[in-house]
Amino acid sequence: MSNLVITGGSRLCGIIEVPGAKNAVLPVLAATLLNKGTSILENCPELDDVTTMLEILGALGCGIRREGSRIEVDASRLTASSIPEALARKMRSSIIILGALLARCGEVHVSYPGGCEIGLRPIDMHLKALSQMGAQIDGINDGILCCRAEKLTGCEILLDYPSVGATENIMLAASMAEGETIIRNAAKEPEIDDLQAFLRKLGVQVSGAGTGVIRIQGTREIKAEPVHRIIPDRIVAGTYLAAAAATGGSLVVTGVIYDHIGSVLYCLKRCGCRIKNYSGNVIALESNGNLTALDLVRTSPYPGFPTDMQPQMVALLSKCRGTSVVVETVFENRFRYTEQLMKLGADISVQGRTAIIRGVDKLKAAQLEARDLRGGAALVIGALAAEGTSSISGVNYIDRGYERMEKVLSSIGADIKRVET
Ligand code: UD1
């Protein structure tokens, strides 16, 4: 166990390079299960969730090689169709394996997935779609989900909500189903586009990612040697930009895709930050630390403001002059971290899915506890902008989404260290 010890007040200035996206690499790793050849992935972030996913693939019989940000998965022979319980519970994204494994093996046993404590996070849409494709779902007995399908058949699926995970699961199952699958009201996140790009390298005919209607023509036999570079992590980029904004800093992020964080940059500009974009993949932010509140920020599916940036934005707004209103529409329980921000002196009241943030002049150091990934990132931003030395426990949550955060932040002038407890 470790704590982050942060002495606030330093302006964050410098250059950082954004790593590959956690939420893109996980479904692409699941997709490697479809391939009876070896898949090579580049720009993979070195995160605990990626390690857990590789452990799951290993337990299913895949050969894995990992060297820095390069991962090779040889799924030519699978020896199991059960995801070990301890691994599945560690990570909600283990459910992403369902569609691919079912397509490849005709059978899956997986315990009900774990993940961050930010809401109920049901998987009803995933299961409904797979049963429409012909899977038999034997319910959740003792927390174990059993799915069987002698044959998956392509069909038309209308999602009640553009769920990212459900869209990915259906794309994976449909890749090996008989005939065409059409997903309507599909998620439009850039990570869906990245999955489509990888599936195409596997030889799957898939189109429409980013438009809300995705068409997949299934193919029984997939054997390819794809080399695929994972897209940059838009949430990591947004988090460090928000941290620089909160500290009155000046930050350049490289290796990012401008449009992927357009909604976040829009809000940062409206707060008063100066933002420049060079050649679509370098973004420079300058903040004088004297920022103003935002009347309304509503999270929504892409290209709206991402729920995964909501806590970090609230941390920034807690020091912006005036009153801001933030409405969370994606997850029902995503304001728990605000209690911790209030320990720093933030003035936030939460009613249901709405947070009202009255900007304060100063935040003051406190002992804080991270209880979920992005809430934890918000506490880091709060502590960086506060006077005095704060300590944050629950760093394991933060490590799920940020590679060596203390090293990155130190390199741009933060006074931060990891202390083993
Ligand atoms: C993914 C991201 C997560 C991000 C979220 C929304 C990964 C690994 N995680 O999560 O970081 O916060 O997208 O951008 O990519 N829902 C149902 N039934 C279902 C599925 C979802 O009701 O079967 C609900 C969820 O409870 C939630 C909403 O739909 O309220 C959005 O969830 P979804 O888009 O599926 O998020 P994830 O794929 O879990």
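Cβ coordinates come from backbone N, Cα and C, glycine included.
Annotation comment: TrEMBL describes 7-409 as domain 'Enolpyruvate transferase'. The phosphoenolpyruvate binding site annotation in TrEMBL covers Lys22, Asn23. Annotation source TrEMBL lists UDP-N-acetyl-alpha-D-glucosamine binding site at Arg92, Asp308, Val330. Taken from TrEMBL, the feature 2-(S-cysteinyl)pyruvic acid O-phosphothioketal covers Cys116. The active site, proton donor feature in TrEMBL is assigned to Cys116.
Val330 (UDP-N-acetyl-alpha-D-glucosamine binding site) carries neither a helix nor a strand DSSP state and counts as coil.
Each residue contributes its Cα atom, and for Val330 (UDP-N-acetyl-alpha-D-glucosamine binding site) and Asn23 (phosphoenolpyruvate binding site) these two points are 16 Å apart. Only Asp308, Val330, of the binding-site residues Lys22, Asp308, Val330, place a Cβ under 6 Å from an atom of ligand 1.
For Lys22 (phosphoenolpyruvate binding site), the same-chain residues 6+ apart in sequence whose C-beta sits under 8 angstroms from its C-beta are Pro45, Leu47, Asp49, Val50, Asp233, Arg400, Gly401. Between the C-alpha atoms of Asp308 (UDP-N-acetyl-alpha-D-glucosamine binding site) and Asn23 (phosphoenolpyruvate binding site), the distance comes to 11 Å. Note on the domain 'Enolpyruvate transferase' (7-409): mean pLDDT across this stretch is 94.
Taking the Cβ of Asp308 (UDP-N-acetyl-alpha-D-glucosamine binding site) as centre and 10 Å as the limit, one finds 25 other Cβ atoms among all the protein chains shown.
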